[in-house]
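Trainee: Sharing a structure, written as structure tokens. Questions coming.
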Amino acid sequence: MYVRVGLVGCGAIGSFLAENIKKANCELTAVYDRNLEKAKEVAKIAKAKVCESIDELVKEDLDVVVEAASVRAVKEVAEKSLTNGKDVILMSVGALADKELYLYLYNLSKKFNKRVYLPSGAIGGLDIIKALKFGDIKKIVIRTIKNPKAFNLNIGERKILFKGSVFEAIERFPANVNVSVTLSIAAKAPAEVWVIADPSVERNIHEIEIIGEIAKVNIRVENVPFEKNPKTSKLAAYSLLRLLKDLNDYIVVL
């Protein structure tokens with residue numbers, strides 16, 4: 001198999017994908033970004049076509065469309081991809097905290113017999129979490145700890161910025177807590193989200209605590225952020241590459 005990929009969003013993750021997509025035995029066929037110059041830069045790396053709209057991109061001969069733009073772009077990208085017979089990979093998973101959108105895309109993918117893929121992003125252990133949901137999950141907590149510059153803050157001491165639900169977290173921090181939504185979807189259960197700014201850390205840290213009927217799980221992931229976009233962890237981009245590689249393989253570890 002050789003997967004043909006379309007890309008919407010040419011920021012840190014989009015640029016990374018263009019530079020590394022051959023490692024996943026895939027081809028970046030077409031790209032789109034509202035910033036035409038960014039799109040041209042990314043397209044040049046991968047020798048891809050620059051599209052002037054999402055509508056144009058989804059009409060290309062593609063197997064899958066990658067959304068790496070923003071929470072606001074998810075509905076349009078997913079809807080147009082699915083209705084044009086393309087699978088879609090969502091990097092801005094936070095959009096699915098909106099239950100209506102989640103159900104809409106679920107039903108749309110079912111109608112057109114296409115899939116919506118959610119990469120593991122900047123966390124791990126989702127295989128365990130998906131297994132735990134078949135038992136009783138009593139508690140899920142995720143703490144996201146980042147340097148204040150990831151929140152555009154200049155503070156000198158550790159500060160809890162938020163404690164609450166996934167939906168509230170993504171409303172306040174749409175570019176910083178996508179992982180909490182991925183976790184909640186994988187567990188099929190609500191999670192308590194903490195968002196913490198800490199000037200002593202240089203990595204993006206995610207601490208996950210789950211107490212279930214089957215097992216108790218504690219996971220801590222310390223991610224190296226992109227230099228140009230400290231809100232985004234490099235592991236998120238590598239998880240996208242891994243997912244694309246899995247689409248090419250015949251024996252897949254889940």
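Note that Cβ sites are derived from N, Cα and C of the backbone, with glycine treated the same way.
Taken from TrEMBL, the feature active site applies to H206. What TrEMBL records for A122, N178 is NAD(+) binding site. The annotation domain 'Aspartate/homoserine dehydrogenase NAD-binding' is assigned in TrEMBL to 9-119. Feature annotation from TrEMBL assigns domain 'Aspartate dehydrogenase' to 156-240.
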Trainee: Can you tell me the three-state DSSP label for N178 (NAD(+) binding site)?
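Mentor: DSSP assigns N178 (NAD(+) binding site) to helix.
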Trainee: So what sits near A122 (NAD(+) binding site) in its own chain, CB-to-CB under 8 Å and at least six residues off in sequence?
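Mentor: Listed in sequence order, they are N178, V179, N204, H206, V221, N223, S233, L235, A236, S239.
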Trainee: Return the count of C-beta atoms lying within 10 angstroms of the C-beta of the residue listed as 'active site', excluding that atom itself.
Mentor: 25
Trainee: Within the domain 'Aspartate dehydrogenase' (156-240), what mean pLDDT does the predicted structure show?
Mentor: 94
Trainee: Where does A122 (NAD(+) binding site) sit by DSSP, helix, strand or coil?
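Mentor: In three-state terms, A122 (NAD(+) binding site) counts as coil.
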